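Working notes, structure below.
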Amino acid sequence: MKPDTVLSVKDMHTVFATPGGTAHAIRGVSFDLRRGERLGIVGESGAGKSALVLSLLGLVEPPGRVAGGSVWLNGRDLRTLSERQMRRVRGKEISIVFQDPLTALNPVRRIGPQVAEVLLMHGDLSRKQARERAVGLLADVELPEPEKCYAAYPHELSGGMRQRVMIAIALANSPDVLIADEPTTALDATTQAQIITLLNKVIEERGTAVVMITHNMGLVADFCDTVQVMYAGEVVEYGSRDRLLDRPAHPYTAALLASVPAMDARRDLPLPALSGLPPSLTDLPEGCAFAPRCPLEGERGLCRTTRPAPRILDGEPDRMSMCHFSAEQLALTS
Amino acid sequence: MSRFLLRRTFSAVLTVLGGTVVAFVVMRLLPGDPARLVAGEFASAEAVAEQHRALGLDEPLWSQYLIYMADFFRGDWGFSYSLGEPVFEQFVRSVPATVELAAAAVTLAFAGGVIGALISSYSRGGPLDAAVRASSYIGLGTAPFWLGLLLLIVFFERLQWLPGPEGRLSSSTAAPPPVTGLHTVDALLAGEWATLGDAAVHLILPAVTLGFVIYAFLVRMLRASMLELVREPYILVARSKGRGRWGVIVRDVLPNALLPAITVGGLVLAELLTSTVLAETVFGWPGVGKLVTDAILQQDFAVVQAFIMISACLTVACNIVVDLLYGIADPRVRVRSS
């Protein structure tokens, strides 16, 4: 663990009991997050991104459970904490902005108290102080007329405004780690850009480390320092944004990047898409989970039989790829 | 808001009028001549004809209706020949008893329903949840009069913890000075603690009997909507703020689940005020239900007709109150109607 690491996840396993058997949603995910770092986690739907979020917060509910691993935050393993202790961590040391701001606020309660309560729960403020702080937070996220917003009900605000409220709630106690779970997916393009600008501003002020869960490669390129690609519950590639986007070492990453439409792409050609579907999490293939869809695969029996070990790429520190043939993939793009 | 209220009141008045017309016509279509009943079995034809005229039965039907309605709103609800007194006075006497019983039943049912639903959603799938669900099935499948008899056998006859089917008070207890007509409230106002206790213990069994079905219905509905709401993203947000499971259920889930319960509650109350017949009969409770059953058996038209009028007004009134309450409780409705 590097000295400035705030969050360190080690070999996390999360499973869900389903009628079709045990679904392995997270299979041995490990990563470190440095203070102020912005880590992007990308992958298709069903890759385990949301399960990872719940596992980090300790909010996996039956029929799911975290089956193994550790989550180190501020020097202690969150997995060993009691629920009571965990409640003091959530919303204070680690908090979250969810995907859909339209459903993330309680419809029958006013905005203000929903912001103020996270302050009241974690500090010994008086109601009046919490109210003042909450109005201040609403001003911080650049909501016009924060006093008026304080007294408003969620349905009286637009989607973008509500997402600003969610950011105010998430950052109220200046957490060490902010998880942003597809924070712009439900918003229109203009609002997306505004929300990202705002996020940039408020986390820079506070030095918050961010885990950005997304499937939007453009957002990764704009916002993140490091990127981690998930496939079927595993991290298949990890690296700094520039290295990973320019020279993917895993064929899955390469395929994801190839499917991003480019401004100068020829419009008469179909967008390259990855064929096939992710494997069923209840019935994973024996070897590499990506092998059945892998464009590199060809005759390679190795991929079908042996699960690739995470390997550090030669000459690239902080770079990992979980593919037997990373060197070949790298050679394709260099 | 006021326009909404105006429109709502207008349609309510129409509904009540429609209900009274139907009731009036149906009552006239029934076999049996009220004049004959009033005059007596052995009265002469002339006496019956005389009575016919006195009752206004020789007028055309529409004119009878208008006279009746005009009298009704002036407080003249006709004369009950079977008991030999004005119908209005009978209702004044029996309505408070029913209101007291219904209010107690609904209060018990709501308290039980909310607590049961909270327990159920907290321990979903556990033994407590199973117990709550079982109680709900039992409540929905049990006839109230049978439950009433069962409760009497257990708590009155065997255990002797609670009084038997003797009405609202023990024979040795005098009624408190009437203010509201509700014995418990009147006793409280007068500071007569012994009377209050006596009225309260007399209320328990009938209220439980009447409230159990409502509880069963409510707990089922609340539990279902709470288990649905637990999956809402804002519940996860509340959890991610550091609120505990119980706190989330009480503070974030329950307020949302209570909205549909308001609707149900209003309908149930309207229904109750007019359907306490069986429970009142079992417990000798001198309420509207008992008054009306007796009147039907005696073919006392005036009483039955007044009862229909009151039922129509009450049902419509409860509906309006529900709409208003809903508007207050749900901020989304508030905006739409203003």
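Cβ atoms are placed via backbone N, Cα and C, with glycine included.
Predicted, not measured: the structure shown is a model, and the values here were computed from it.
Residues or ranges marked as transmembrane segment by TrEMBL: B:12-30 (among others).
Residues or ranges marked as domain 'ABC transmembrane type-1' by TrEMBL: B:95-326.
Residues of the same chain lying 6 or more positions beyond the ends of the transmembrane segment (B:101-122) and with a Cβ under 8 Å from any Cβ of it are 128-129, 132-133, 135-136, 182, 203, 206-212, 214-215, 218-219, 222-223, 226-227, 230, 245-246, 249-250, 253-254, 257-258, 261, 265, 268-269, 272-273, 276, 279-280, 285, 287. Residues or ranges marked as transmembrane segment by TrEMBL: B:101-122 (among others).
For B:134-156 (among others), the entry in TrEMBL reads transmembrane segment.
Among the features that TrEMBL reports, transmembrane segment is placed at B:199-218 (among others).
Residues 98-99, 101-102, 105-106, 109-110, 113-114, 143-145, 148-149, 152, 165, 167, 205-206, 209-210, 214, 217-218, 221-222, 225, 289-290, 292-293, 307, 310-311, 314-315, 317-319, 321-322, 325-326, 329-330 of the same chain, all 6+ positions outside the transmembrane segment (B:258-283), place their C-beta atoms under 8 angstroms from a C-beta of that stretch. Among the features that TrEMBL reports, transmembrane segment is placed at B:258-283 (among others).
According to TrEMBL, the transmembrane segment annotation covers B:303-326 (among others). Using a Cβ-Cβ cut-off under 8 Å and counting only residues 6 or more beyond its ends in the same chain, the transmembrane segment (B:303-326) has close neighbours at 5, 8-9, 12, 15-16, 19-20, 23-24, 27, 68, 72, 77-78, 80, 82, 87-88, 90-91, 259, 262-263, 265-267, 269-271, 273-274, 288, 291-292, 295-296, 333.
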Practice problem: Report, as numbers and ranges, every residue of the chain located at least six residues beyond the transmembrane segment (B:199-218) whose Cβ falls under 8 Å of a Cβ in that stretch; write 'none' if there are none. | Solution: 100-102, 104-110, 112-114, 116-117, 135-140, 142, 144-145, 147-148, 151-152, 155-156, 162-163, 166-170, 173, 176, 183-184, 187, 261, 264-265, 268, 272, 276, 279-280, 282-283, 285
Quiz item: In terms of Cβ proximity under 8 Å, which residues at least six beyond the ends of the transmembrane segment (B:134-156) contact it?
Solution: 116, 162-165, 205-206, 208-210, 212-213, 215-217, 219-220, 223, 278-279, 281-283
